[in-house]
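**Student:** The structure's right below; bear with me while I get my questions together.
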Amino acid sequence: MTHRGDRALQVAGLARVEGEGAMRVRVVDGRVSDVRLEIYEPPRFFEAFLRGRRYTEPPDITARICGICPVAYQLSACQAIEDACGVEVGGAVADLRRLLYCGEWIESHALHVYLLHAPDFLGYPGVVELARDHRDIVERGLALKKAGNAILEVLGGRAVHPVNIRVGGFYRAPDRAALATLRPALRRALDDALATVSWVAGFNFPDFTHEHEMLALVEPGRYAIERGTPRTDRGLTFPVREFETHVREEQVPHSTALHAHLAGCGRYLTGPLARFALSRQWLSTAAAQAATAAGLDGGCRNPFRSIVVRAVELTYAVEEALRLIDGYEPPARSYVEVPAREGRGYGATEAPRGTLFHRYELAADGILRSARIVPPTSQNQACVEDDLRRFVQDRLDLDDRRLTHDCEQAIRNYDPCISCATHFLDLTVEREPA
Amino acid sequence: MATPTLAVWKFASCDGCQLSLLDCEDELLALAGAVRIAHFLEASSAVADGPYDISLVEGSVTTAGDVARIHRVREQSGVLVTIGACATAGGVQALRNGADVEEFRRVVYARPEYVATLAESTPISAHVPVDYELRGCPISRAQLLELLGALLAGRRPRLPTHSVCFECKSRGTACVLVAAGTPCLGPVTQAGCGAICPAYGRGCYGCFGPAARADTDALAPVLRVAGVAGEDLARLYRTFNAAAPAFRAAAGRAESAAGEATDHEGGGDDPPR
């Protein structure tokens, strides 16, 4: 028998996350002794089988790492390969990439805010049960998600694994009329996104703050999405090509995802909280006003309030998409020629859940010699575990059922994508004798 | 009659096919009224015990644990439907099949001993009987809704097994292979996507897997004229349905043809695959 000071909490199949994982917390003598975010999603070996492929293939192949954020993979891959080949993509083609990425941010953030995370705050197991009591709210979330998916469908051909993206640009650039069809839904989406910020800002948030260093891409002048320079809130900055010098991945026995640390600094956080900390001065007007109204002016270090930041970013992505559509002039050519050459290339973009890094090495004939991918969830894993450790320690008076529920919510703060990280969740809390 | 129960299961995959269910924004709440969602971890933490009337299975089998799990899913399921290229053909992760998985494990993981995996990624049908399959990487939302609608109405779903070419014709897309010389797998790939790629000026890359009676031998010379043969042709077939028998065989023939051509030319410095 265990006595009161010893507990073992576990969730063997975390819900409302992308992919599969578990959580295990062990409490011995009233102290949290061990916290593990276990990722048991089976490995799929992308970095291994990318070797021997043509340099034109990573955008399509790596998209399949994640069905929620395929555009992040496609555009990090394109950027890395273009870097290896010494080609830069600008102008209208670059604007179309940003528009496509806005579509993914809208779709993914709406999915997370409404379908995955909000049910936690309102005490529902999922969106279907939430819809029984608040159908209008769920319909608003689905309309937002649909507006994002519509961008992906018009510009990319389909919402999951879009087909119109190639190294150098797009197979076909849309005409102004095609993009204009997106405007009415996006105008409604802007109102819906602003309503989302007010809605989630009114949730009850546990009193909790993190002390993680935060890393995001920064592109002075605008909120970084599809490109930028890595920077942390403690002043570290480095070019994308030095990512692997500063970010070290290590393997832990309980996970098929690698854990990333900043060399010499330790754990760090990437994603909406980090982006907001580093780039909020560049938010668009409506998004900035919504952030102020939501009480985010002093910054946000409470991971539970990440849902508010996500809603602010949702607003930004909608405004930015409208701006890009209004200013669009079709490019003379839908892509830039990217001739193969021997070399290494590096790419990083801001996936909805954080910075996504790719590196490829090409032979002179365009065949890939090596590939390396660092997804956001493996970067955040150490932070999630640290949050859980501190969170559980302060709430040991709660019963197992309540504590387990709160821990799951704490994990979902990070919108973990386990499919991405495998290379994630069940919750087990073990309370055992010392 | 009681409301039918629906379960969604995940094996090795990217989550994109089950996301397609949540992407049915206009139909999701109506569907949630017509079925009882009893197990769908990506969408709800409420899990009901089986048996389940309809099971949608995403992903391929890549671990010993998953071999046992798919049998448990089958035992608890009335109708079992595999959704997407991973579940129907092994998916992109079947690119390990025939390769040295031990070496793969060392490339990706510093401590390979922590990672459990099987040598091959296999489709669900290699382990248990499957009632219906939805092809695609990802599946088509329209086909998913057709299938669920048919199952709820008690009729057979209409899931064509003809090629993508029919879909280009029906949407009025000029043939990219004939008109522009763009390499295209449409003639040997099963319909269902709506022929999206050719509509964007790109050749089909076979993400719905082989059509019924796919004649890859007849397509080979046409693709050669379009500039794709040998190793490149093998790579074209070896993507998201690499382990589907017709595509696997076509890739193998393309590769051995490339080997013979290289022998004649006395070259042979092709990079190792």
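Cβ atoms here come from the backbone N, Cα and C positions, even for glycine.
TrEMBL does not curate its annotations; it predicts them automatically.
As listed in TrEMBL for this protein:
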- A:Glu47, A:Ile373, A:His423: Mg(2+) binding site (BINDING)
- A:Cys66, A:Cys69, A:Cys417: Ni(2+) binding site (BINDING)
- A:Cys69, A:Cys420: Fe cation binding site (BINDING)
**Student:** I'm trying to understand the geometry here, so how far is the Cα atom of A:Cys417 (Ni(2+) binding site) from the Cα atom of A:Ile373 (Mg(2+) binding site), in Å to the nearest whole number?
**Tutor:** 14
**Student:** Report, in sequence order, every one of the binding-site residues (A:Glu47, A:Cys69, A:Ile373) having a CB within less than 8 angstroms of a CB belonging to chain B; if no such residue exists, report 'none'.
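**Tutor:** Of A:Glu47, A:Cys69, A:Ile373, the entries that lie near chain B are A:Glu47.
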**Student:** Which has the fewest other Cβ atoms within 10 Å: A:Cys69, A:Cys417, the binding-site residues listed?
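**Tutor:** Output over binding-site residues A:Cys69, A:Cys417: least Cβ neighbours within 10 Å is A:Cys69.
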**Student:** Just how many other Cβ atoms lie inside 10 Å of the Cβ on A:Ile373 (Mg(2+) binding site)?
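**Tutor:** For A:Ile373 (Mg(2+) binding site), the 10 Å Cβ neighbour count is 23.
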**Student:** According to DSSP, does A:Glu47 (Mg(2+) binding site) sit in a helix, a strand, or coil?
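**Tutor:** The three-state answer is helix.
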**Student:** Under DSSP, is A:Cys417 (Ni(2+) binding site) helix, strand or coil?
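**Tutor:** Once the DSSP labels are grouped into three classes, A:Cys417 (Ni(2+) binding site) ends up as strand.
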**Student:** Whole-number Å only: compute the distance from the Cα of A:Glu47 (Mg(2+) binding site) to the Cα of A:Cys69 (Ni(2+) binding site).
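**Tutor:** That separation, Cα to Cα, works out to 18 Å.
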